[in-house]
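J.: Here you go, one structure.
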Amino acid sequence: MVFTDWGVIFSLIFGGCCSNVWYLEECTVLLPQSGTLLTVTNFLFIALLFLPSQLYIPGKGVGSKAASIPSFIPRFKRPSVPLTRWGVQVVLFFSTNLLNNVAFAFSVPMAVHIIFRSGGLVFNMLLGWMFANKKYNVLQVISVLLVTGGVIVSTLAASGKQTSSVSELKTSSSDYTIGITMLLVSLIVSGIMGLWQEETFKRYGTSHWKEALFYSHALSLPLFLVRWPEIVKELRAANATSPLHLSTLLPKQIADIAAFFLSGGGKKPHVSRDLLRKNPFPVIPSFYVPLSLYSFTQLLCISGVNRLTTRVSSVGVTLVLSIRKAISLAISTYSNSRNKSHQQQEQQLGLLWIGAAAVLLGTMGYTYGSQRTPRARADMKDKGNLPPPPVPPKGEIAPEVLSKAMANASGTKMRFRARAQ
């Protein structure tokens, strides 16, 4: 049973999160300027998903007396965290997601997106050192330098593309610079949001993750009104994508069975697809298929991560997600290099793998170094996770036993003096 639970958790993380990156890239290939539409769709889906957990239905599960009350109108539960605090986090969270998704319209590859998000440790360290009075050891600093180097190398590798004219080069470089600037600002905002969220959970506890997910997404929806013209424009572009017969998504066996019944049993299996296309079968714009899969895999990814947080420490979660990022990066790099020459593939893939390795090693080194800080050891001591004290050599007395014996002897001596007086 335990192995089954762990299998489900790792399947949700590695299957859901990695496929989520894949379908996100499929969406941006079909419609590069769809960042706002992707963001609002994801926010709406997550908000609706976690809405029931924040509702209270009067009379439900309270007893027959309460159930006889005719009012069954759902009401929101009292938030465990003040809405003003969620409001600040919403603005930061909204800005981070919007900047990340809009950057796709400025020629920023998915590989650079993943590496930039992995490089958030740099800004978290700087902001924590400047504003939260945090201390870092040598291993953490070296790890951050590794992450920074990986970001620089991978950014240069992904931007190294040949163009046919000077004007095209200027336009491409300008777009790429704007996209990188957006990701840089997103990293800074994400670091500020991390410090804010850390302080929130420190004050009100860490058991309110469903409430955090709901309010961070639901309260962000009104902010999209500022970009309503862009949403309408992207929605029209999505509707204008090539039509897709849903019958083409059916497995061959199901398509043959459907065609058999539609034709009254008179059609051969090899013409089943053509028959389904001629019948009034649903037809949708092709963009909505990867968009739906993107939203669904996002649900799987979030479910896996939250299940993992209930079983391992934050260091374990970070390590698992770091490995997941490396796998996603490998998939994205392979996908983008198929249409290039062999020499370009070798050069770009080599630099990207160097950058990815640096980011992965830096992330793992940072999380391991975090365990060696005095604050982390104090937290482990409070939770009873510190290793037992070393056993003294034969013939010696352990310091803990010696200090306890001296304290007992001192107390006995004081009591003896009191009786003598």
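Placement of Cβ uses the backbone N, Cα and C atoms for every residue, glycine included.
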J.: Of the ranges 252-271, 312-331, which one does TrEMBL flag as transmembrane segment?
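T.: Spelled out, TrEMBL records transmembrane segment over residues 312-331, not the other listed ranges.
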J.: Cβ under 8 Å, sequence separation of at least 6 from the ends of the transmembrane segment (86-107): give me the contacting residues as numbers and ranges.
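T.: Contacts of the transmembrane segment (86-107) (Cβ under 8 Å, skipping residues fewer than 6 from its ends): 28, 32-36, 38-39, 42-43, 79, 113, 117, 172, 175-176, 178-180, 182-183, 185-186, 189-190, 192-193, 196-197, 200, 212, 215-216, 219-220, 223, 227.
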J.: Quick test of the contact rule: Cβ under 8 Å, at least six residues beyond the ends. What residues does that give for the transmembrane segment (6-24)?
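T.: The answer is 38, 110, 114, 290, 293-294, 297-301, 303-305, 307-308, 311, 320-321, 324, 327-328, 331-332, 335.
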J.: In the same chain, who gets a Cβ under 8 Å from the transmembrane segment (36-57) while lying at least 6 residues past its ends?
T.: 24, 27, 72, 74-77, 97-98, 101-102, 210-211, 213-215, 217-218, 220-221, 224, 227, 230-231, 234-235, 238, 291, 294-295, 298-299, 302
